[in-house]
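Quick look at what Swiss-Prot annotates:
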{"type": "SIGNAL", "residues": "1-19", "note": "signal peptide"}
{"type": "DISULFID", "residues": "Cys45-Cys63", "note": "disulfide bond"}
{"type": "REPEAT", "residues": "176-207", "note": "repeat 'PbH1 1'"}
{"type": "REPEAT", "residues": "208-229", "note": "repeat 'PbH1 2'"}
{"type": "ACT_SITE", "residues": "Asp222", "note": "active site, proton donor"}
{"type": "DISULFID", "residues": "Cys224-Cys240", "note": "disulfide bond"}
{"type": "ACT_SITE", "residues": "His244", "note": "active site"}
{"type": "CARBOHYD", "residues": "Asn261", "note": "N-linked glycosylation site"}
{"type": "REPEAT", "residues": "288-310", "note": "repeat 'PbH1 4'"}
{"type": "DISULFID", "residues": "Cys349-Cys354", "note": "disulfide bond"}
{"type": "DISULFID", "residues": "Cys373-Cys382", "note": "disulfide bond"}
Amino acid sequence: MVRQLILISSLLAAVAVRAAPADPAHPMVTEAPDVNLVEKRATTCTFSGSEGASKASKSKTSCSTIYLSDVAVPSGTTLDLSDLNDGTHVIFQGETTFGYEEWEGPLVRVSGTDITVEGESDAVLNGDGSRWWDGEGGNGGKTKPKFFYAHDLTSSTIKSIYIENSPVQVFSIDGSTDLTMTDITVDNTDGDTDDLAANTDGFDIGESTYITITGAEIYNQDDCVAINSGENIYFSASVCSGGHGLSIGSVGGRDDNTVKNVTFYDVNVLKSQQAIRIKTIYGDTGSVSEVTYHEIAFSDATDYGIVIEQNYDDTSKTPTTGVPITDFVLENIVGTCEDDDCTEVYIACGDGSCSDWTWTGVSVTGGSVSDDCLNVPSGISCDL
């Protein structure tokens, strides 16, 4: 009888062991997880100080979130965040600085798919451009590094970035698709002193499609935006001050010389050389089509209000027809020139190479009226 009770008790205990959940202190052995799933787990990395750039560049593919905190990038070195893993999130904190050296740059490079780059509220990328500024920009003098290469980005976002005192051009956007940039600030106002800063373009765009830039504030000494090639580009709700306004081109002389379906909307252009400009290269080929400027306000333009030139690189020559400008729309454009030294509207087209233009609600005052416009399209006038 005792043996039977012991046997029954043992059987019940065995069943209980099988049915009971595993003891947390002694977990049950489970099948090893798939290696690919482990690789996808979130890893947060923080890099800072003088070794931060080097460590970030070496370890970037091990991190899904990268914090760059008060990084001091050594001279002649790129903060290289190219070829990031899909979905990587990059966050700037504090002040990012760059050592001095005469070289072409860039100071920062980012590429990848589904990338997010952003700055925290106190973050600043400080180029300390006065160390390079000599009044010559990229045309001579010291060799100056370009600032930020947003090249080969796909389905990505750059937001809330504050850049101060770039040595020369700021954002180069090239080979990118479906890139959104919001709340970008470039403050190069220190370069206005003695006209020392030059060629400090805010956004240079080439060979890219579906680029959207909104909420930008650009204070610089060259084009706020220059679209050299690309399609489906949208720039809106922004301020451009002190530079060369909203530009298409120069178009011509590159591997890709097509600009198509571009919209500038709701932009204020202040104290700039001109507000609206299309520039194509004499003797070259390409095309500019479906470009719209809508709801643009500008004040105190110094050289031109609106300027279209098909001989941009040599205005002494008769404009050529190799880069036609078609389907060009200006709608609700209101602005002022600083004084009579500013030409309100200037158009220099090749014979028959500017067509299908529609201008409505365009008003430019305070400057002089040009008598030298060439081949003005039907329905358009240089005397508004």
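For all residues, glycine too, the Cβ spot is worked out from N, Cα and C.
Within the set of disulfide-bonded residues Cys224, Cys240, Cys349, Cys354, the entry lying nearest in space to Cys373 (disulfide bond) is Cys349 (CA atoms). A Cα-Cα distance of 24 Å separates Cys382 (disulfide bond) from the residue listed as 'active site, proton donor'. Using CA atoms as reference points, the recorded positions Cys45, Cys63, His244, Cys349, Cys354 were checked against Cys224 (disulfide bond), and the closest is His244. Each residue of the repeat 'PbH1 2' (208-229) gets a DSSP state, and the totals for helix, strand and coil are 0 helix, 13 strand, 9 coil. Cys63 (disulfide bond) sits 36 Å from Cys240 (disulfide bond), taking the Cα positions as reference. Cα-Cα distances to Cys240 (disulfide bond) place none of the recorded positions Cys45, Asn261, Cys349 within 10 Å. Neighbour count (other Cβ atoms within 10 Å of the Cβ, all protein chains): 16 for Asn261 (N-linked glycosylation site). On the 0 to 100 pLDDT scale, the repeat 'PbH1 4' (288-310) averages 99 in this prediction. With respect to Cys354 (disulfide bond), the closest of these recorded positions in Cα terms is Asn261, chosen from Cys45, Asp222, His244, Asn261. Applying an 8 A CB threshold to same-chain residues 6+ apart, the list for Asp222 (active site, proton donor) reads Gly137, Gln169, Ala198, Asn199, Thr200, Asp201, Gly202, Gly243, His244. Taking only the Cα positions, the spacing between the residue listed as 'N-linked glycosylation site' and Cys349 (disulfide bond) is 20 angstrom.
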